[in-house]
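Annotated active site, tele-phosphohistidine intermediate per Swiss-Prot: H85, in sequence order, evidence recorded as similarity to another entry. Per Swiss-Prot, Zn(2+) binding site is recorded for H70, H85, and the stated evidence type is similarity to another entry. Look at Swiss-Prot and you will find 33-137 tagged as domain 'PTS EIIA type-1', backed by sequence analysis. According to Swiss-Prot, the phosphohistidine annotation covers H85, on the basis of similarity to another entry. If you look up Swiss-Prot, you'll see H70 marked as site 'Important for phospho-donor activity'.
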Amino acid sequence: MFKKLFGLGSKTNEETIVAPLTGAVKNIEEVPDPVFAGRMMGDGVAIDPTEGVVVSPVDGEIVQLFHTKHAIGIKAKNGTEILIHVGLETVKMEGEGFEAHVSEGQAVKAGDKLISFDLELIREKAKSTITPIVITNTDAAESIKTTVGVAATKGSTEVMKVTMK
């Protein structure tokens, strides 16, 4: 009762996800990959980046950094687990053109630089530069609200609001 009366509790369950990249925000269904478009990895959005920098979309912890540096997992303070997968079929690049600025277990704040990448090299060597940002523990979420069709600025534009159960 007190939680509802004083607005306690609800704030800890809700997480605002800001854009980890600068670019056009798209519906996850627009990703030209059936695994992401079919939400098999989780619900979310995708960004078609205009620059090669990924920043943290939340305050949280780096829980996974792929050795090829093309993807990173972050756990927000409310338990939301976020996967940022730079481009499609970029794993085949074996880390070429990617640089990590964080390591697993590291605490991060929204806007902290996580990965930098060579956008032109990805255009040349991978299927697409489109970058899915998905909530991998979608089943633990009460609601996921997405904002698509906007031009996002990394570290500031809200792209999702996730409320955990």
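Glycine residues also receive a Cβ, built from the backbone N, Cα and C atoms like all the rest.
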Query = Between the recorded positions H70, H85, where is the Cβ count within 10 Å the lowest?
reply = H85
Remark   = Across the domain 'PTS EIIA type-1' (33-137), DSSP labelling yields 15 helix, 44 strand, 46 coil
Message = Roughly how many Å lie between the Cα atoms of H85 (active site, tele-phosphohistidine intermediate) and H70 (Zn(2+) binding site), rounded to a whole value?
response = 6
